[in-house]
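*Asks:* Pasting a structure here, questions to come.
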Amino acid sequence: MVSWKKKIEKETERKIYANNHAYNEPFNYANNYIKTSKYTILTFLPRNLFEQFQRLANFYFLCLLILQLIPQISSLTPITTAVPLAVVLTITALKDAIDDIQRLRSDNQVNNRSSHVLRNGKLVDERWHKVQVGDIIRMENDQFVAADLLLLSTSEPNGLCYIETAELDGETNLKCKQALPETAELMEDNVKIGEFNGEITCEPPNNNLNKFEGTLKWKGKTYSIDNEKMLLRGCILRNTQWCYGMVIFAGCDTKLMQNSGKTIFKRTSLDRLLNVLIIGIVFFLLSMCLFCTIACGVWETITGQYFTIYLPWASHIPEDNTTSGATVISLLVFFSYAIVLNTVVPISLYVSVEVIRFVHSLWINWDQDMYYGVKDTPAQARTTTLNEELGQIEYVFSDKTGTLTQNIMIFKKCSVNGHIYGEILDPVTEEPLEITEDMKPVDLSGNPLYEPKFKFYDQTLLDDLKSGKKDVYEFFTLLAICHTVMSEYKEGRLEYQAQSPDEEALTSAARNFGFVFKNRTPKSITIEVMGKEQVYELLGILDFNNVRKRMSVILRKDGQLKLYCKGADSVIFERLNADSFDMKEKTIDHLNKFASEGLRTLCLAMKDLEEEYFTQWKERFEEAVTSMENREEKVDCVYEEIEKNLHLIGATAIEDKLQDGVPQTISNLAIGGIKIWVLTGDKQETAINIGYSCQLLTDEMVDIFIVDGNEDYVVRDQLNKFQQDIRGILCSKDAPLNLSTVTFTEVEEEFGGFGLVVNGNSLVHALKPDMEELFLSVASQCKAVICCRVTPLQKALVVELVKCHKKAVTLAIGDGANDVSMIKTAHIGVGISGQEGMQAVLSSDFSLAQFRFLERLLLVHGRWSYFRMARFLRYFFYKNFAFTLCHFWFAFFCGFSAQTLFDPVFISFYNVFYTSLPVLALGIFYQDVNERNSVQYPKLYSPGHLNLLFNKKEFLKSVVNGLISSFALFFIPYGSFFEGVASDGVNVDGHQLFGTVVSTILVLVVTAQVMLDTGYWTFFNHIVIWGSAIFFFAMTFFINSNFIGNAYLGSFRMALSLAQFWFTAFLTLVVLIVPVIAIRFYCVDKNPTLSDKVRLKQRNDNRIHARRLISQTRVSSIRRSQRPHSGYAFAHQEGFGKLITSGKIMKNKSMPLQLPKFTKVEV
């Protein structure tokens, strides 16, 4: 990210005067212009060419082109290199330009958003990019925050406002911000705000989203500024009519952009390997050229000098000294052979690679199985250079909310007084049935305030409620009262705004069963029970925090005091009275059952209070909250005192609805050897619960390690302990960590591996240079890793750590702006078209509508792309070495003069027309197994992790094959036609005829080889393979006809008329092709790969049986969790209990009611 203004020196602190451009301008603070595109009109050509010539092959062909422009050393026209090089550079440049134009359009869309800026006491409309540091902006409800602002005043009481931070941290719950009381008094008086001249001194720009330090000097007083008074760029103003803010950081200095990371130039591992191989090929080429140079000098000195009468030396060759002349000739021959033999790395290789990658991208774009009809969103390959990398992914880094989950909470089951509700039992076996949408839900329409979207399928809960069961009544009363939900009417409909989707789901469940939360004031809560309104006096809210893990409300109704409490099972069970023991045991069984189904659980309890006891307790509470020392600890102690001897009511079970197919996708990717790390802004308990729900964490795991230390030495000790535990367990295990044998039946693994959970505070220490390798060592030995409460930058740092130290191919997937940094950092970035905007998609390499499509993207398209590219490269190098080295063998018979064996036209056409389309078809259409089996047998994906299909060893095999083929192609015809005479007495051992024979057999051999390599035949394969051979014969006839007048006139016709040619062609084909068939048959028969086995099975199975196997295999790979774990969930920050009871959050009666709209939060 760059700004038009550059910083002269690094800031140590920032000083700003409000509404004073003259003072602020000399500091050259960044303006609000954002630029994520890489190029401008002026820089595109030089910068893009510079990037393209970083690819070694392009630089190599540029040098070759320069050599071909020198007539003294070139025997080939420079057009043969110039045109293909220009095509490659142009295609790549156009692709890069299109990608950058998309980024530019995104930049312009953001930069041209409208904002209201205060200038000279008046509001004027300005584009975002014209906003400057020190400006004061007015924002309206539902608007994006344009820059990092100091909140000055709002429409809400006490200077409060509410923001949604989904683009910053992925959380969709509302957060509360509050202006200084002194500035809040400015209200919306533009004249007073225009005269505001406060001086801000604060920290320099940084990427810490959770911290801000600064001071405001105004009217002779100094005020402290912290993060609670800041509105950050990317946030959205919610349920606040208007607010005013002063720009502190703009553009690239904002915390959002500081966390976004830089756009980097991504290249695949195959590209990097090709660079290494090309260096090796160039050295091999130079070695051949050096050998020919020395041989030429020797030949010219010993033999060539006697032929100068018939073949005089060129004018620039000294004739007075034979040795000097031979030396000059041999030096020139070095460059001549560099040109003649350059086809070992033809430019057509890169043209073909770009074409194949482009078509692979089209396969992804056109895949109907990755089309999401609900949102009319197809999969999209936003780049065409990284497709085969999808087949080599070893680590997947995923966001949670919007990526794994839908962030939709559904009330599924509950336990009341030891009885479980929400299950439908089979009338015969009395076993629970799987609930489907085809089942009839409970009819709740008798309640006028019920929600049609709410579904519950167990009629017994409604029946027990109507029958007047006291525990069920208390259960729903608690759900309707014990919360911090706000209500409001919109268009005549009652709507709830909750701090977390869990609270909304529970309150909504109570509403649908007839316990409707209607309204609240600082001192009361109004509910409607079975059509009758009830008002409870609210005496106190004992709010939730991450330590308490529970919340309580104290109420009075009809002179009776009650405390209702809900929270995690671990904290509720510790506070129960003795009478609840039996119910506790039953409830624990129910909680374990709920947890095994991946449901999120809360326990509910209550107690009756005595008036006298409450009065005494309230006095102790007032004393604690006014204490000047250890206030929080004292308040917690007072809370603890009253939250004892509770009576257990029951438990709730909520489904945090995953996206469709998430568990199956994670299970199959794990089987394929892909490690999945979840990096989320959620709290630890929520992340663990989702880990179980999506089968990332399973009961088969030996242990799940939790790193939660807040100090450096604590984190180090925890990691060292976990590493020792892992080593001890692995040493005691006989079974290996990973299965080495793959069969077609389900095998129960004896070793479940480990899980690791790390929170954000611990991750700060774990990522330090002196500890990062220890952290990675522990994490890499775990099957699943979950990092919670992490910032966007920490996500990128984790990805970078794995990239640098593990040398593994990484993929990052997310749906929000907080995921952009890791998406850019990973080798492959995948954006989900989610509810948090399109920022992730715009920064991604591939975009999907749902996480489940990642399975098909990797196991089908990724594997096929890698497999096809590997097979293409192996064949391509083979055919070009077979072609080029024929010139090298011919050098021994032409005095190392750099004379070409083949017709120059054939040399130009060989890679462009005669052999290009069959190998393209191989790289575009080939598949070893079909898509169904690719998903059914994820282990097929494993070879990509180890680069087994194309590496230096496989390259050398192709080179050796090409070397042997060229030797046979040259010397078998040479022996056959040596001093040959036709039946009519015509000599048939001439250079042109011999070159034609070798070139024709070469085309036949490489065509036969590509037919052997093509294990999957399509109509196009038939067309291009047979068509290329026919085209070669037709074109060669045409070129060597009288119409063209080529130098090789008549040689092709004469060769085809000779029986000697056909016998030689047959013999060469047998010598070169039969051994290949024999070796492959032996390998498949004696040492078959998993791909060979599946291919054989694929041929034998019919489609119906294959579908049945898919269903059985995919279901059996998912195991229900049996490990009890807490699934409680509240809002991430401390609740709004204090604001509710203090009245700060409430409007005056004379003012229209404006309650905060709490939207769904990722949990």
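Heads up, residue numbers simply count up from 1 along the chain you see.
Placed from the backbone N, Cα and C atoms, the Cβ positions cover glycine too.
What you see is a predicted model, and the numbers here were worked out from it, not measured in a lab.
Pulled from TrEMBL, these are the listed features:
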| type | residues | note |
| --- | --- | --- |
| DOMAIN | 16-81 | domain 'P-type ATPase N-terminal' |
| DOMAIN | 841-1083 | domain 'P-type ATPase C-terminal' |
| TRANSMEM | 273-302 | transmembrane segment |
| TRANSMEM | 328-351 | transmembrane segment |
| TRANSMEM | 876-899 | transmembrane segment |
| TRANSMEM | 905-926 | transmembrane segment |
| TRANSMEM | 955-973 | transmembrane segment |
| TRANSMEM | 993-1012 | transmembrane segment |
| TRANSMEM | 1019-1039 | transmembrane segment |
| TRANSMEM | 1059-1083 | transmembrane segment |
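Could you give the neighbours, burial and distances for every feature on this list?
*Replies:* As a summary of secondary structure, the domain 'P-type ATPase N-terminal' (16-81) carries 32 helix, 2 strand, 32 coil according to DSSP.
Counting only same-chain residues 6+ beyond the ends of the transmembrane segment (273-302), those with a CB under 8 A from a CB of the stretch are 55-57, 60, 322-323, 325-327, 329-331, 333-335, 337-338, 341-342, 344-345, 873, 888, 891-892, 895-898, 947, 950-952, 955.
Within its own chain, the transmembrane segment (328-351) has Cβ neighbours under 8 Å at 55, 57-58, 60-61, 64, 67-68, 70, 72-76, 81, 84-85, 87-88, 91, 278, 281-282, 284-286, 288-290, 292-294, 296-297, 300, 304, 313, 316-318, 876, 880-881, 883-884, 887-888, 891, 896-898, 900, 907, 910-912, 916, counting only residues six or more beyond its boundaries.
Within the chain, the transmembrane segment (876-899) has long-range Cβ neighbours (under 8 A, six or more residues past its boundaries) at 75, 288, 292-293, 295-296, 299-300, 303-304, 333, 336-337, 339-341, 343-346, 349, 352, 910-911, 915, 919, 955, 958-959, 961-963, 965-967, 969-971, 998, 1002, 1005-1006, 1009-1010.
A Cβ distance under 8 Å defines the sequence-distant neighbours of the transmembrane segment (993-1012), meaning residues of its chain 6+ beyond its ends; these are 875, 878-879, 882-883, 886, 900-903, 906, 910, 914-915, 918-919, 922, 965, 969-970, 973-974, 977, 1025, 1028-1029, 1032, 1036, 1040, 1048, 1051-1052, 1054-1055, 1061, 1064-1065, 1068-1069, 1072-1073, 1076-1077, 1080.
Within its own chain, the transmembrane segment (1019-1039) is flanked in space by residues 903, 905-906, 909, 913-918, 920-922, 925, 996, 1000, 1003-1004, 1007, 1010-1011, 1046, 1048, 1052-1053, which lie at least six positions past its ends and keep a Cβ under 8 Å from the stretch.
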*Asks:* Taking the domain 'P-type ATPase C-terminal' (841-1083) alone, what is its mean pLDDT?
*Replies:* 91
